[in-house]
Each structure stands twice: as C-alpha cells, then as structure tokens.
Amino acid sequence: MKWRSTTVVCVRKNDSVVMVSDGQVTYGNTIMKGNAKKVRKMGEGNVLAGFAGSVADAMALFDRFEAKYREWGGNLLKSAVELAKDWRTDRVLRRLEALLLVADKKYTFIISGTGEVIQPEDDIASIGSGSPYAIAAGRALLKHTNLSAKEIALESIRIASEICIYTNDNFTIEEL
C-alpha cells in the first residue's frame, strides 16, 4: 500500500507570509488520521516549513533542514541548497520520500529529494496531491482580489480540499 499525499500552500503578500496545510493522512484507500500537523515554525520562529509525503521521512528532513539552517547562520537559500545536495548524494537520505516547502520573510523554496531547490516565480507555492488546484486558485485570487495572504492561502487550500480526495478541510495555519 502507498501513503498518499496532502496539500501545503504558502502565500506571500505585502509583508505577510502564510503557510497552510490540511490534516489528512491516507494509507491506500483509508483515511488514517484527519488532524495531522504538517506545517510548523522553525529557526526561532523565523521560518515556516511544511511537508508532503511520508511523515517519518519528513520529520527526519525537518531535523536536517533545521540543523543546516543553524549551520548556515539563518541563510535560508544556502540551507535549502545544502540540504538538497545531502539529500541527493547520501544513500540513506536518497530513499526518503517527502517534499519540503520552506519560507522566511525573503524567500520561498520547494526542496525535493532529487536535488531540486525551486523558488516559485510568483507569490504562491504548493506541494502535495492538491497542489495544482491550490496553485490555480491562489494565482487567480492573488491577481484578481484584494484578499490578504492568509485569506488567499485558506481559500486556495479549501478549494483544493473540495477537489483532491487526499486533502481534507482540517487546516493548520502558520504565519510570519
């Protein structure tokens, strides 16, 4: 059986950075849990981080990312690149199945196990199975409304939760 994914969304607008995730954990065709916390603050509250994929793998990556963040003196870009390099080259890390979404006041990055560190070209990023729906909704809301970052993030993931069967409407919100 396969663990199915989730949806995590990050929206930047004005001086606000908001990350929201759903709470559903799905194994095969069964919902195992509906209130998992998939986003958190790290780096003394200066960084938001969320994950999609295997929970145990993501926790290991959270810990590694936080160590890299401390090692590089709070430089999010360098921390993301160094984690991606380790993730790609280390035999044990290479087997971890998760994606990380990290953001601070300046940057947002998606970090993958294949070595990618992707900075979105606009002010919204998303990972997980509901990501395409959340991105589409978020881009439209950013472009055509005056909603806040928090309102856009929540509406984007709410729309994704109505379409993606691996995403529920039990949201966790973190803000910078």
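Backbone N, Cα and C define each Cβ position, glycine as well.
For THR6, the entry in Swiss-Prot reads active site, with the evidence type sequence analysis. When other Cβ atoms within 10 Å of the Cβ of THR6 (active site) are tallied across all protein chains shown, the result is 31. Secondary structure at THR6 (active site), as computed by DSSP, is coil.
Using a 10 Å Cβ-Cβ cutoff, THR167 (Na(+) binding site) registers 30 neighbours. Taken from Swiss-Prot, the feature Na(+) binding site applies to SER161, CYS164, THR167.
Counting Cβ atoms from all protein chains shown, SER161 (Na(+) binding site) has 21 others lying within 10 Å of its own Cβ. Separating the Cα atoms of SER161 (Na(+) binding site) and THR6 (active site) is a whole-number distance of 9 Å.
Each of THR7, ASP22, GLN24, SER129, GLY130, TYR133, ILE157, ALA160, GLU162, ILE163, ILE165, TYR166, ASN168, ASP169 belongs to the same chain as SER161, CYS164, THR167, is absent from that list, and has a C-beta within 8 angstroms of the C-beta centroid marking the Na(+) site.
Counting only same-chain residues at least 6 apart in sequence, those with a Cβ under 8 Å from the Cβ of CYS164 (Na(+) binding site) are THR7, SER129, GLY130, TYR133. Taking the C-alpha positions, the distance from THR6 (active site) to THR167 (Na(+) binding site) comes to 5 Å.
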